[in-house]
Structure formats: structure tokens, C-alpha cells
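Summarising the annotation, TrEMBL assigns Zn(2+) binding site to H67, H69, H216, D305. The feature substrate binding site is assigned by TrEMBL to E96, R149, R160, H189, E219, D305. The annotation domain 'Amidohydrolase-related' is assigned in TrEMBL to 59-407.
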Amino acid sequence: MKTVVKNVTIITMNPTFEVIKHGYVVVEKGVFTEVSHGDPHDSLCDTADLVENGRGKWLMPGLINTHGHPAMSLLRGISDDAILGDWLKRDIWPLEGRFLETTTEAARNLSMIEMIESGTTTFLDMYHLHMPQFAEVIASVGMRATLMRSVIGLCADAEREQKLLEALAFAKTWHQQANGRIQTMLAPHAPYTCPPAYIEQIVAAARAVHLPVHMHVAETRQEVANFKETYAVHPIDLLNEKGLLDNVNWLFAHCVHVEPHHIDLLSQKKIAVSHNPKSNLKLGSGIAPVAQMLACGVTVGLGTDSAASNNALDLFEEMRFSVLLPRGISEQANIVKTKHGLQMATIFGAQALRYDNLGAIAVGMEADFILLDCDRPHLHPTEPVTSHLVFAAKGSDVTDVYVQGKPLMKDRTLLTLDKERILAEANTQLALLKK
């Protein structure tokens, strides 16, 4: 299928940060085959299957959510005023223990609606329940996802082994499936829920099957203090001492409580970080030193975490927070630049998830892109575009969403999900959960 989007402003996210004020793109077989200034030749439009007029719209790469738990969206607002440890143990884990397949299905469908409607085309799901079923749904819906059956090691050895076998089976079955839209990782939950020996097992398994590893790391001050009481060192230092940072691609979530030498280590070992500013703020966990990470060359993507700790899945909000917070703390207005917010939500996010063909509008890149309605008061005057995207745009400005050149939403209408049914089912399932 050939698609042409013409008469549109293009935020390319290419190495020169080029913005094409009046241009067009051509998509064939799921990739960009032309990205150009001006108007397409009539013959090009005549041979296209679909021609879209982008007048009054901005075209940019689809947003990439590098850390989340879509199955938790039914718990949005369940616990608003608790730190992470209390939030998990008192409020979240007891409810998750009652989740049925219908619960997670309703929550994940709700999350996908929210993500698509706010411009997310790729997301990471770190969770332990009903992952094969979710993979099937994603394959049908058309989003791009990095999936993993996460594991917690606070259990007997036999149960740990079984969890790892399940995680490996899922990862091997679904890696690079759905025309390459689904990829997988292995995922120990965190150093405080997985003993070092268990993390060693998981890393060894990941090396054997050539998969990345994802884990929550240094999210709260108390978590790090408790870990040091037990092991006498910071979790990142222990991982390094045991050689677990080498010969494997890591993606750490959070890294809020790290020291300068840890940031150097992240850079040296090419460990990517998922920065989740809103979730960290809501749970009172702190603020990750993202400015220092970027300055040291660490690949930083953005994540929403779950709707239970955010409470939204809007990456435009995360962009804004990721730029504003370091400026406020440091009292330096250029410590994290405007462009960094866009990069973390697109090209850096792609790199964090180990995609080399996503995150920019360029010939040969996969055609995951979104269109925004720039004819909104908060986006006028219409320049500078990049400033507006970071400091003013909202997820609700997104009008169209494409993954591999296929539309998932057009003119704010979802094409692969039944919104009315899913919203009703989400409320039904929450009522059942509360009984």
C-alpha cells in the first residue's frame, strides 16, 4: 500500500533536527520512501492508494513509551497519597492478587486507547499476568510493543525456576512477531524483589538467547538504603561487581537515586534509562538526575509507568516535566534543552528499546508517525514548532496515528479498538474487582 501525506509541516527528528515547513511523505510497505519539501508530483498522488492532506497539521514520529504497566490502568486513582513501598504493599499488590484475565484485558485495552489517542505508537509492558493473551491482542490492534513476563524472586527456588522458564518461553515465542512490531525482553522486577543469584540466572538466560533485560533500579531512597543494609553496596555497584552489566543490553527504569559514578557507569556500559518523571513525583520518590545522564551520553527515554501511579499515559506531559524539572532544580534554563524533550520521547526512546529504524521521519525508517492539529489557540502563533510541542502540546491535539504505515486512528476516530465497549467494560471490571 502506498500512502502520501502532503501539505504538512514535518518534524523529522533527524540528526540536524530539521523541520520541513511545507512538505510531504510517501509510505510504501510500512517504511518511508520519500520525505521531501514542497508538493508531490501529480503522478505520485495518482498512483497512491491513499492521499492525505495535512493542511493545518504537524507530522512527527510516533511517541515511544519506554516503561509501563498497561494492565494496571483500572487502578487509576486508587491510591494517591502514599510512597512507593506503602503504595505497593498496602494498596496495589492486594488488588493485583485478585486480577483475572478479564481484568487485565479490560485494563490493557483501556491503556491502548489512551496511548493511541495521545500519540504513542510504541510502548513497553513489564508485567507478570496473561502476557501471551495480550500479545495476541496487540498483534490485532496494530500497535508496536516491547513485552516481557516480569518475575519477582521472593519465593522458593522451584517457583523462581518456573517463573524464569515461563518468561523465557514467552520471550522466545513472541520476539519479532506481528511483522516485527512485537519484540521481547527478560525482566527481573527489581533488586529488592529479586536476590542477586536470581538476577544472575536471568542475565545468563538473556545472554544465551540474545535478549535485553529490563528492571526497576534505584527508584526510592529507602529502597537503596535497605539494599545497602543487606549487601553493603548500591544495587548498581553490586550488579557491576558481579559482572552483570557486561555483554547484555540493559534498560533500567527510574534511576532516581544514583551517584555521579553510577551515571558514568551507565554511560560506559551503554545502559539505557527510562525516565518516569510524573510517576516519581506522585509517589514522592524523587527526581532522576536526567540532565547529568544526558550530559554523560546516557541514552534516556521517557516512560509513564502505570496509570495507577501517574495517572495519565500522555507522553506530551512527560516531555514537559522532563525538561522543566531539571531547570527548576538547577536554576539553569538550558540544562535540559527543548530538543532533549522531543528526543527522549522519540529517537532516544527508540534507541533505549534497541530499535535502529524508529524515532525519526526519514527514508528507510519504519513509518510510525502521528499528526497533530496545530489550529489550536495554545499552538498559535504556529512557530517555533518544537517549542510548542514540548511546552504547550497535549495528547488531545493528536488527530491521526499510523504504525508501519497503517492507520490506527484518523480524525480522532479509533480504527482498531471499540472505544465505547472498552470504556464500559473497564468500569464493569473495576466494580467486580472492588466486590
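Just so it is clear, glycine is given a Cβ too, placed from its N, Cα and C backbone atoms.
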Give the sequence-ordered list of residues that share a chain with E96 (substrate binding site), lie 6 or more positions from it, and have CB atoms under 8 Å from its CB.
M72, L129
Using the Cβ center of H67, H69, H216, D305 as the Zn(2+) site position, which other residues in that chain lie within 8 Å, going by their Cβ?
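So the extra residues in range turn out to be G68, M126, A253, H254, S274, N276, S279, G303, S306, S309.
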Using only C-alpha positions, which one of R160, H189, E219 is spatially nearest H69 (Zn(2+) binding site)? These are the binding-site residues in the record.
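Going through R160, H189, E219 one by one, the closest to H69 (Zn(2+) binding site) is H189.
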What mean pLDDT score does the domain 'Amidohydrolase-related' (59-407) have in the model?
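Summarising the domain 'Amidohydrolase-related' (59-407) by its mean pLDDT gives 97.
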Just checking: which of H67, H216, D305 have a Cα that is within 10 Å of the Cα of H189 (substrate binding site), counting only these binding-site residues?
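So the list reads H216.
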Given the binding-site residues H67, H216, D305, state which is nearest to R160 (substrate binding site) when distance is taken between Cα atoms.
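So, spelling it out, the nearest of the binding-site residues is H216.
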Could you check the binding-site residues H67, H69, R149, R160, H216 and say which one's CB has the fewest neighbouring CB atoms inside 10 Å?
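Looking at the binding-site residues H67, H69, R149, R160, H216, the Cβ with the fewest others within 10 Å is that of R160.
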Counting only residues 6+ apart in the same chain, whose Cβ is under 8 Å from the Cβ of D305 (Zn(2+) binding site)?
H67, G68, H69, A253, N276, K278, S279
Compile a sequence-ordered list of residues in the same chain as E219 (substrate binding site), six or more apart from it, whose Cβ lies below 8 A from its Cβ; state 'none' when nothing qualifies.
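Spatial neighbours, sequence-distant, of E219 (substrate binding site): L84, A190, A253, H254, V256, H257, N280, S285.
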Three states by DSSP: which one describes R160 (substrate binding site)?
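DSSP call for R160 (substrate binding site): helix.
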What kind of secondary structure is R149 (substrate binding site) part of, going by DSSP in three states?
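Reduced to three states, the DSSP call for R149 (substrate binding site) is strand.
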10 Å Cβ neighbour count around H189 (substrate binding site)?
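Within a 10 Å radius of the Cβ of H189 (substrate binding site) lie 18 other Cβ atoms.
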Could you round the CA separation between H216 (Zn(2+) binding site) and R149 (substrate binding site) to a whole angstrom and send it over?
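That separation, Cα to Cα, works out to 14 Å.
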